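According to Swiss-Prot, the features are:
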type: SIGNAL; residues: 1-21; note: signal peptide
type: ACT_SITE; residues: SER63; note: active site, acyl-ester intermediate
type: ACT_SITE; residues: LYS66; note: active site, proton acceptor
type: ACT_SITE; residues: SER129; note: active site
type: BINDING; residues: LYS232; note: substrate binding site
Amino acid sequence: MKRRLIIAASLFVFNLSSGFAAENIPFSPQPPEIHAGSWVLMDYTTGQILTAGNEHQQRNPASLTKLMTGYVVDRAIDSHRITPDDIVTVGRDAWAKDNPVFVGSSLMFLKEGDRVSVRDLSRGLIVDSGNDACVALADYIAGGQRQFVEMMNNYAEKLHLKDTHFETVHGLDAPGQHSSAYDLAVLSRAIIHGEPEFYHMYSEKSLTWNGITQQNRNGLLWDKTMNVDGLKTGHTSGAGFNLIASAVDGQRRLIAVVMGADSAKGREEEARKLLRWGQQNFTTVQILHRGKKVGTERIWYGDKENIDLGTEQEFWMVLPKAEIPHIKAKYTLDGKELTAPISAHQRVGEIELYDRDKQVAHWPLVTLESVGEGSMFSRLSDYFHHKA
């Protein structure tokens, strides 16, 4: 097999599956010590996990459940079942008065008979973490909480959230309700990507409704050094203190999930440590461009002498900043040589990415053009040159 050096990765100007983790990079920096039940730091662009602890442990999500509630609402808007301007009449089961389920919990402070838009109920769900807003939306979209929970679990299955099962629309403690830091990072990534109508609400610092002003409980929104613009907090006695925070640093976005911290300040500090570590130590680079040439090879017995090779896919990847000078890309042909005729987009080898001497990723190498069979004269000439 022939191996060709393409270029150092520092000169590349990649979408990788979320199954690829930073641990695949042999020389990843030491992650921070995190004091929580479980945690994840994910790169938004690639879905790569940069560091994690107990990431698939099933835990009580508390109000992080509302991320899925909001996701289902947005899917209903996307499918034109509802619009953000639809007016919802609040029913009795969404009114906290004389409702033991809501005692001591987060509320938007809706009243039975209130007429509220889907947009404002979504703000109440996101900013106030209003359990009453969740119920009002569930009743309007699905005709009841039980039916809405079924929709939530259907979407969890579609998103391959294997550690997740919902029993409520709001996240109050319920037997059988659980998720994981990994699943919630995947869900958060889907929300950021697929909710342009509502994602900006996650950065709103306060909401006034029925004369009551409440602040967003995500304290990192006030940290001017972090550029955090979401997502959500959660807390119950059974869950501890949970937080998902997403921050933008230049063109990069990271998602930090902390579950089971010991206090509201503690969850913020642990998320802050994760985000800063990710921002300081990693960079997101495009390794390969679809259709861009990575090499040229001699082709025998064709109507031309050389053929361009590349990839059919876009590849992004998160790499440790300190390792960029040591990243090399090479390609290997499957056989000793290429012979015509050959079609475009045909696999002829493999592109390999190395960190120092360790292979960290690989992708198919394909032809970027077709080469037909040459004339009798050119094939005869190639024969003698080839055998020489």
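Including glycine, each Cβ sits where the backbone N, Cα and C put it.
Cα to Cα, LYS66 (active site, proton acceptor) and SER129 (active site) are separated by 8 Å.
For the recorded positions LYS66, LYS232, the largest tally of other C-beta atoms within 10 A is found at LYS232. According to DSSP, the residue listed as 'active site' is assigned to coil rather than to any helix or strand. Taken residue by residue with DSSP, SER63 (active site, acyl-ester intermediate) is part of a helix. Within 10 Å of the Cβ of the residue listed as 'active site' there are 27 other Cβ atoms, across all protein chains. A 10 Å cutoff on Cβ-Cβ distances gives the residue listed as 'active site, acyl-ester intermediate' a total of 25 other Cβ atoms nearby, all chains included.
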